[in-house]
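Database features, via TrEMBL:
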type	residues	note
COMPBIAS	187-199	compositional bias 'Low complexity'
DOMAIN	6-90	domain 'Large ribosomal subunit protein bL25 L25'
DOMAIN	98-175	domain 'Large ribosomal subunit protein bL25 beta'
REGION	178-199	region 'Disordered'
């Protein structure tokens, strides 16, 4: 997985006004949680953070005054229109520590082309060392038949990674294509000849 070093500064001002000022200065407010310690409020350079978070499940090495801290993004709040990062919650981790995290599952191979592949769940939960989290997982769907599914237990996990999701969690299902029957023509009706008009 990607591990990126980025500078961070402890912040002592809180509230919406302080957050707006930080964003005007090109900074993103964030909070670091974990290991029973008091949450730490920090700011990070917006552009560097945006580039770092383009990677999936990125491990950030925050360079703080007093020492570095490894963190994983827990939640990222983005601006509804600009898509810029407004706020981030981080989880503190340690090297060698195992964490539970959701990983994206991508499919590989060709299922029966007469069916429609339905993606029921796009992620599964796994337990892995914080410094060895896979960026994605691959599910082989080669030869999947109509009416059949692939499950979390079918995903091949790298060494050292354990499945946390229920093994019978459906990842994809191959459904039959809907049939569109031609509308049948209305049956002809016998129409009695009109009676001649009275003279």
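Using N, Cα and C of the backbone, Cβ positions are placed for all residues, glycine too.
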Quiz item: Quick one: DSSP breakdown of the domain 'Large ribosomal subunit protein bL25 L25' (6-90) into helix, strand and coil?
Solution: 16 helix, 41 strand, 28 coil
Quiz item: When DSSP states are grouped into helix, strand and coil, how many residues of the domain 'Large ribosomal subunit protein bL25 beta' (98-175) land in each?
Solution: 6 helix, 38 strand, 34 coil
Self-check item: Taken over the domain 'Large ribosomal subunit protein bL25 L25' (6-90), the model's mean pLDDT
Solution: 89
